[in-house]
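Here the structure comes first, spelled out in structure tokens, and everything after it is commentary.
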Amino acid sequence: MKANFVLLPGDGIGPEIVQQARLVLESVAKLFGHEFSFASHMIGGIAIDTCGDPLPPETIEACRAADAILLGAVGGPKWDDPSAKTRPEAGLLKIRKELGLFANLRPIKLFKELVDASPLKREIIEGTDILFLRELTGGIYFGPSGRTGSGDTESAFQSMVYSVPEVERIVRLAAKAAQGRSGRLTSVDKANVLEPSRLWRQVAARVMAEEFPDVQYDVVLVDSMAMHLINRPKDFDVVVTGNMFGDILTDEASMLPGSLGMLPSASLGDGGPGLYEPIHGSAPDIAGKSIANPLATILAAAMMLRHSLDMQPEADAIEAAVGRVLADGLRTMDIARGADSIGTEAMGAAVIERLSV
Ligand code: NAI
Ligand code: MG
């Protein structure tokens, strides 16, 4: 099969980690008999420095024409001047909007070899494997907002709005993901207080009953979910929720495995290319030293094959190779806990050595 990928290395450690993911993808192509092509384009700080725009038009065009996009990270102290006209992050927000990426997928998987990196007790965390789907383009972050009055009586508002189609499409995506995993889906809302949550709950229940009777479905209130996540994380499989609740819960959940350098994410739209990236930032403190952990980006590449190209065995092969690397005791500095560590390139090469069909 042929596939054409756009790489957006970005800033800081972005180019170092994306390069390792590319080498892994090239090995997968060889191993499985595919033809992958790669084109790198600019986003973020480097794009501001080069042409004054954090998301140049040629980057948008290339992304639209791609099968999928792999991003490193954007930003850094160099572009933090508050008086600057534009910031690197603006490029990231714009590309999500341009491509209509309405669903953010964040798997929270604890590799058993890294159980001691978690701030939680082994008994609680062991076996945790959750896939979050956060609605990304609606809800309170995009609702009507403004201010009224002035001075001591000034007030501000921001409204949460969800429509039937917005709920249907994210619930369908989540239910399909659940079918490909253990067949369990949890929807998180605040239906005891918020009207858009009541609509969400009603639409989700209908979609699940009519289209996914095989998926075991339940609902949890967001405040309870915040507790359950650190109390019994392994009870959850796929979790779907709105924009703001997802923002907060996925940040909470990403701390469970205790290793930022290991977690990938995906942003998906309707049919168009998906955008895949590590959840961490550009780590300017370690950029250029070849010590960054490339595994989150390599796992993002696995998600890319799974969700955008339907290449399940290929994605499994990458994830299994990462598991073997950890089982063999190889660690980058961020997960080594003071023991011996290897660099970015050695880690990428170790994954490639352990790839098998
Ligand atoms: P960060 O995630 O870049 O770094 C936090 C800490 O984790 C640092 O000590 C860093 O060295 C370490 N770290 C992160 N990724 C690592 C990896 N792969 N291997 C080893 N260690 C790793 O977050 P921070 O420091 O808050 O932000 C730095 C810059 O990144 C800022 O300009 C921020 O705006 C940007 N950022 C960009 C994101 C994106 O492009 N999606 C997301 C988050 C932050
Ligand atoms: Mg956030």
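Including glycine, each Cβ sits where the backbone N, Cα and C put it.
Record features (TrEMBL):
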BINDING   76-89, 281-293  NAD(+) binding site
BINDING   Arg96, Arg106, Arg134, Asp223  substrate binding site
BINDING   Asp223, Asp247, Asp251  Mg(2+) binding site
DOMAIN    4-351  domain 'Isopropylmalate dehydrogenase-like'
SITE      Tyr141  site 'Important for catalysis'
SITE      Lys190  site 'Important for catalysis'
Given the recorded positions Arg96, Arg106, Arg134, Lys190, which one is most crowded in terms of C-beta atoms within 10 angstroms? Arg134
I need the most crowded of these binding-site residues: Ala84, Ala283. Count other C-beta atoms within 10 angstroms of each C-beta and give me the top one. Ala283
Expected list for ligand 1 (Cβ under 6 angstroms, binding-site residues Gly76, Ala84, Asp251, Ala283) reads Gly76, Ala283
How big is the gap, in Å, between the Cα of Pro88 (NAD(+) binding site) and that of Asp251 (Mg(2+) binding site), rounded to a whole number? 21
At a 10 Å cut-off from the C-beta of Ala287 (NAD(+) binding site), count the other C-beta atoms across all protein chains. 18
Radius 10 Å, atoms counted are CB only; among the binding-site residues Asp80, Asp247, Asp251, which position scores highest? Asp247
Using a 10 Å cut-off, grab the number of neighbouring Cβ atoms around the Cβ of Gly76 (NAD(+) binding site), all chains included. 22
Per 10 Å Cβ neighbour count, which of the recorded positions Tyr141, Ile291 ranks highest? Ile291
I'd like to know which of the recorded positions Gly76, Asp80, Ala84, Lys190, Asp251 sit within 10 A of Asp223 (substrate binding site) at the Cα level. Lys190
Near ligand 2, which of the binding-site residues Pro88, Arg106, Asp247, Asp251, Ala283, Ile291 have CB less than 6 Å from any of its atoms? Asp247, Asp251
Candidate nearest Arg106 (substrate binding site) in space, where candidates are the recorded positions Gly76, Asp80, Lys190, Asp247, Ala287 and distance is Cα-Cα: Asp247
I need the neighbours of the Mg(2+) site defined by Asp223, Asp247, Asp251. Which other residues of that chain put their C-beta within 8 angstroms of the C-beta centroid, in sequence order? Val222, Ala226, Met244, Phe245, Gly246, Ile248, Leu249, Thr250, Glu252
Just how many other Cβ atoms lie inside 10 Å of the Cβ on Asp223 (substrate binding site)? 12
Simplified DSSP label at Asp251 (Mg(2+) binding site) comes out helix
For Ala283 (NAD(+) binding site), which of the binding-site residues Arg96, Arg134, Asp247, Asp251 has the nearest Cα in space? Asp251
